[in-house]
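Report on one structure; see the data block that follows.
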Amino acid sequence: MKEHIVDPKGTMVIECEAKGNPHPIFSWRRNGKYFNVARDSQVSMRRRSGTLDIYARNNPEKYEAEYQCIASNQYGSAYSHKIILQLYRPPVWPREIVEPVVVSAGLPLVLSCDPPPGPPKPETYWMSSSFPTMQPVRQDRRVSMGVSGDLYFSNVLFNDSVVDYCCNARFPYKNVIQQKMPVVVKVLTSECLMGIFWLFFSKARAVVEAAPTWLSPTGSSSSVLVLQGEELLLECIAAGMPTPHITWAKDGEDLQVTSRMKVKNFNKMIQIPKASFEDAGEYTCTAKNRLGYAEHTITVRVKATPFWLEKPTNLILAPEENGRLVCRADGAPRPTISWFINGEPIETATPLPNRQVSGETLIFRSVTTENTAVYQCNASNQYGYLLANAFINVLRKLPTTSMKVMRATDVRLECGVKADVTTPITTTWLKNKKHLTLGWRISMDESNLVITNVNTGDEGNYTCVIKSELEQKSASAHLMVMDRPNPPTNLELSDPYERTVRLSWVPGDSNHSPITGFLVQYDDDDWLPGKWRNLSTYPGNLNSVILHLIPFTYYEFRVIAINEIGASRPSRPSKRFQTSAPDIIPKNLKGVGTWRNNMEISWEPLTYREWNGPHLKYLVWWRRRDSREEWKNATTKWLKYYIYDADTFTPYEIKVQAVNDFGLGPESPVVIGYSGEGRPTTAPLNLRVSDIESTQVTLHWDPVTSDTIMGELKEYKVYYWRDSSQLRWHWVDRGMKSKAFPINGPDPSGVLDDLIPYSNYKMYIVVANNRYEGPPSNNIHFSTPEGVPSAPRSFRIQQRHLDSIYVDWGLPAEPNGIITGYSLKYQTGIMNATRGEELRVEELPPNVTSFSIRRYDRYTRYRFSVAARTRLGIGEWHTEESPHYTTEIYAQDQVDITTQGWFIGIMCAVALIVLILLIVCFIKRSRGGKYPVRDKKDISLELVDDKDQEGSFDYREEERGLQRGQPSIEAMMKRSDSDDSLVEYGEGGEMPFNEDGSFIGQYTGTRRDVRELDFGGSLELHSPINTIYSLA
């Protein structure tokens, strides 16, 4: 049943469209009876359509009725759903004199609204007026509007009389707002009522307290019936002073709020937008204050209008074929299935022996043309009904080769008529009883028809006609072309909610391939026009779905039908739809101190689509926990807010809510945050050790008090280092290590492992919060006992002789105690252990770090393992295998080179040469550096006075010739008794020498350049260097 609201002042339109071949004829029923449209001057039916246009200028009320459209042709009649036509009436609030409402303070009050009923049902809201302004009534736990639109006061306070109250109703059909006369509320306080007793009471109570009672619903129990998929609203509003708190339970247990439901109106209402069978049960609401409590039980029953499980579909049958129509539906209660033929109950229709009703199935056997009709299936229960039309078309002639092909393929229709081959014949093809025109795409192959690139226009009944001089024969076949479905039409939006809307459409023709699904697409205002995006897909048997949307967004929808061939063209877009603003709470609210006297309050931002309006900000609330101070708040557009001048590590109650230009969002649940942490002020005391083992030790300490941690206890941290080894000669790494113990209790302890045996350790402990470490405790010392040593280092295997192998090794990297000896194991290697030698073990003293064994042959390999021992046992083994000595040449290469004769000979020769050189140098040195003079022609001696880096002199040959005289050598010498002195050159002066025979005059006396002297002969100066050059 579909409601249709129209305005009687304009043209009232009731649409009805259908298709068929031949084109159907339309008729109407009104209130279950035939409606003669032609005889009503105010009603007309559109051409080739069943749509009614009603011009009700006179008495429009008589057209308020139930209508049903019928489309008929020679093959049957199809019926539409019933339509209820309702007239829109301008809302008129009855004029009345509203008397002031007088009520005593503390008592409950209900202000009724009672707006005009519609249709459709109006939306109500309350405003408070205080001249000259008007604003919405602020609702809270004490004052709220109920589902009926009435305004409820759980208790009245004196401030409630400051303003007047006015109920407003908005009628969505015309978007008209009507206002009721304002109501004046006068509140009487107890002082006024008890004024005569003033002299007898020193203090009078301002408000009379009362235990909770129910305002809506009344009594202790009630029941609600809701249909599946409809909205379920449960409301409990209580009176009382102080204002009662409302809690909910379901079936004796606390109500678990799921994502399908919302608790609104300050816990007074439960809203389930789409009810299901699991929502049935007993809901108990409890109102409680300090004077008592009241309970009310609401029994919820969920029923369901019929819904399809399997809907009957059209059938095309050849004569003598079998077929069936299936009509399966469900609901609560289970619906009753009824069958109709062309709108007439099947029980009263002409009986046919080949037609049988079997429960939800209508069975046909060996059909004939008499079975051609439109069959209706009606599934109904007390809450609604479903109606489906299915057309059964029985072909009038037996097709010879009826075909069903896909679009864009090729098809060959064979003529099933046989004729006398001796008689000339002509073949003609008809399509839908009309001569078929041949062309490039449609041609004949002998008597057969060939169609290439088939399209939907080729669908129809084809008849092959063969004529001869004597007779004419024909045969027919039906060609069906499967194609993508036609696009859906008549998109309609209904049942809008905060986040959902119902979208309905009329499926297009399936084109002989069943529709398997529908794709719903949307275009929102955040995208460029025409940017369609996929929203969801639905089964092909649905044409009305609930869409889940994002709030504060404008939507347009379109639908695409899909079958096995492909997807249809998109439908025309629906009307634009805007979702309403939701209640979104900022998530991940937390308060953390970043400094000792502040707290950072942070939260996750709302996405742009969750803003629900422009200029989003956040309202932050805070106060100390367990204090009576008022909530403090601040508004910010950032995602953090800092509180300063806070005590160190103080708990705060914090909450946050989103704010935009339209108002406040819901408050978040209260979260506990802490201000910043400070540095701990004390160190743990009485650090001690027990259960000392070689590699670990157990620690104990006294816990610090919570007030000295200056924050949250994170851990106790032990710092320790290896100070020395108990072996005085052993060097150790004194690097500091640490280990944390997140332990909190009256007797904390922990195990410190990864220690090195036979070592001296130092340690201290600190306490840490999430930000700082406290002062260190006193250092304590402890020593670890002996352990087993690590593996020996520098393990070598050598073959010094052909018949023996020599091994040696170094001390362990970590002795871990006093080495008492070594254990050496050896046996022939695994790869060539042909002799089956047993494993041999040698026990060696600590001062022996080598071993030699005799080989059986030059091919045997040995596997050696060596380990050090302390008094606690054997340590880690070091294992190696000897190299593969295979030839004598290789073995000789491994012999000690110092024992070879050729090496000794070479060394002796080198030593002899060095000795000869040393003797020659010594002899020349002992001569004191004499400089013999030899007769040489054309050679002059130049004495250069420049000293090189080594302090020696350089004697060079002059490039140009000198005039040479030939005085005797004695004329140049002043002393003849010393071979180590020379006569000073120039002025007859004396040139002294040092003890080593070098010149002193170059530093102390005046000298002449040797180039100024004239020698009669040639002079040659000899030195030890010259002697070596001469030897060379």
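Glycine too: its Cβ is placed from the backbone N, Cα and C atoms.
Note that TrEMBL annotation is computational and uncurated.
Averaged over the domain 'Ig-like' (1-85), the predicted model has a pLDDT of 89. The domain 'Ig-like' feature in TrEMBL is assigned to 1-85 (among others).
The feature domain 'Ig-like' is assigned by TrEMBL to 90-184 (among others). Mapped onto DSSP helix, strand and coil, the domain 'Ig-like' (90-184) counts 4 helix, 39 strand, 52 coil.
Residues or ranges marked as domain 'Ig-like' in TrEMBL: 212-301 (among others).
Annotation source TrEMBL lists domain 'Ig-like' at 306-393 (among others).
Summarising the annotation, TrEMBL assigns domain 'Ig-like' to 411-476 (among others).
Residues or ranges marked as domain 'Fibronectin type-III' in TrEMBL: 487-582 (among others).
Residues or ranges marked as domain 'Fibronectin type-III' by TrEMBL: 585-678 (among others).
The domain 'Fibronectin type-III' annotation in TrEMBL covers 683-787 (among others).
Sequence annotations record features per position, and here TrEMBL assigns domain 'Fibronectin type-III' to 791-889 (among others).
Residues or ranges marked as transmembrane segment in TrEMBL: 902-923.
When each of 212-301, 306-393, 411-476, 487-582, 683-787 is checked for Cβ pairs under 8 Å to the domain 'Ig-like' (1-85), 306-393 comes out on top. Across the range of the domain 'Ig-like' (212-301), the DSSP-based residue counts are 3 helix, 55 strand, 32 coil.
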